[in-house]
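Feature annotation from TrEMBL assigns active site, proton acceptor to His487. If you look up TrEMBL, you'll see Lys85, Gly149, Asp349 marked as FAD binding site. Positions annotated as NAD(+) binding site by TrEMBL: Gly215, Ala216, Ser217, Tyr218, Val219, Ala220, Leu221, Glu222, Gly307. If you look up TrEMBL, you'll see Cys76-Cys81 marked as disulfide bond. Residues or ranges marked as domain 'FAD/NAD(P)-binding' in TrEMBL: 30-365. Among the features that TrEMBL reports, domain 'Pyridine nucleotide-disulphide oxidoreductase dimerisation' is placed at 385-495.
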Amino acid sequence: MAALCRGRPRWKRLNCLQVFTRNFSGKYDYDLVVIGGGSGGLACSKEAAQLGQKVAVLDYVEPSAKGTKWGLGGTCVNVGCIPKKLMHQAALLGTAVKDAKKYGWQMPETVHHDWATMAEAVQNHVRSLNWGHRVQLQDKKVKYLNLKGSLLDEHTVRGLSKAGKETILTAENIVIATGGRPKYPTQIPGAAEHGITSDDIFWLKKSPGKTLVVGASYVALECAGFFTGIGLDTTVMVRSIALRGFDQQMAGLVTDYMEAYGTRFVWRSVPKRVDKLSSGALQVTWSDTETGMEHRDTYNSVLWAVGRAPETKALGLDQLGVQLNKQTGKIVVGPDEATSVPHVYALGDISEGRPELTPTAIKAGKLLAHRLAGQSTALMNFDNVATTVFTPLEYGCVGLSEEEAERRHGKEGIEVFHAFYKPLEFTVAERDASQCYIKVICERGGDQKILGLHFTGPNAGEVIQGFSMGLQCGATYSHLLQTVGIHPTCAEEVVYS
């Protein structure tokens, strides 16, 4: 990840790192022990080490129900953001091949995608990241232990190896950053026995073939999108709504585009059972929640994307008195990531009320490291964090959805500016741009402060990232109108909306 740093222009080499001498009391083995080697845990541990802390990281991956396992780096690196974006790119290239004919490229009539080639390349890149994280920990003098960690008290961590060997570590402070894992609907016969999750899909050596994706979260839609994009017969089963928590008008545009793109949707339906036939195919029985009628179809794979559960059960939190949210199982934390037990902190997806996003975990981890080292009192600001759903038509957003803006400010207290647009790239290719759309939600009175900005279209993440800084600075609608666009781009459409 690139980083900006201050320096005098005459320097030939910039030195971004401030070196601190270690200030270790000797009362404990370490100043800081982090349980969890994902994005947040690694960021926190490396930053703390740079600030002079003596740090250890414990990371251990329990294989998935299907036996899938991976290396250091957490969900994002191994079974989330990174492999997802690469497979999304594979699908976009498939669309580009179709567009290429209109742009004069002489293409064969049929073009086939090879899953094994893509999977191997993606997995090799992920392994290089695993290795890179280990090297970084070593370079920064962070002790890496491939152990499953749990808490014995507020200063003591028990690490257990795969062979069952126990290691005890003590620390002034402990950070829990164990993240979450996909849930199986265990009440459905055959779900766990015959289904897979996002923990497995990126490590499959063979194509999943005709696939049923159950769920309509961003994980579900992203996977379904790249499945369709590489030519797989894909169906999404939705119990109620798609992209819960996101702006629902935008969610509708995303799914409308996906349907036109070739992904089938089965709405208002819930699976009842999964049976493996003698042919090896999976027969899924489901019911329509409105009519009660039962339906059946067969698939090669069933991907469950019905939510994630925090990895808290094996940490020994109950004995220690760490407060959990009883409904979600997540750890209750304060604005400073502190739990209900002194010297024990939690960050990332395991924390109640935090966005389940890699960048927020990284930034929160770094800020926590600075506070624990006594170098800062700055807290993480979780407002106006931008994100993007990498569906075939990407959806980027920052700030409030229209529904949330109405809830907070009242329907009469907001004003919505919106526009459809057509990306220049779509014109020659004769692609449908019916779902390319921009929405800016503002306060109705005063300077019309921007409350939320939503964009569907190519490279949505790149577009929204820049505008998100504006929202952090209190951007208003007049600021947007005063901004001169870059022509010809999709991003310029935002300032002319």
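Cβ from N, Cα, C; glycine included.
For Gly307 (NAD(+) binding site), the same-chain residues 6+ apart in sequence whose C-beta sits under 8 angstroms from its C-beta are Pro182, Lys183, Gly215, Ser217.
The two recorded residues, Gly149 (FAD binding site) and His487 (active site, proton acceptor), show a Cα separation of 53 Å. Computed over the domain 'Pyridine nucleotide-disulphide oxidoreductase dimerisation' (385-495), the whole-number mean pLDDT of the model equals 97.
Reported as a whole number, the C-alpha separation between Lys85 (FAD binding site) and Cys76 (disulfide bond) equals 10 Å. Residue annotation for NAD(+) gives Gly215, Ala216, Ser217, Tyr218, Val219, Ala220, Leu221, Glu222, Gly307. The furthest Cα pair among them is separated by 14 Å. All chains included, 20 other C-beta atoms sit within 10 angstroms of the C-beta of Ser217 (NAD(+) binding site). Looking at the residues that bind FAD per the record, Lys85, Gly149, Asp349, the two CA atoms farthest apart are separated by 30 Å.
The residues of the domain 'Pyridine nucleotide-disulphide oxidoreductase dimerisation' (385-495), classed with DSSP into helix (H, G, I), strand (E, B) and coil, number 40 helix, 31 strand, 40 coil.
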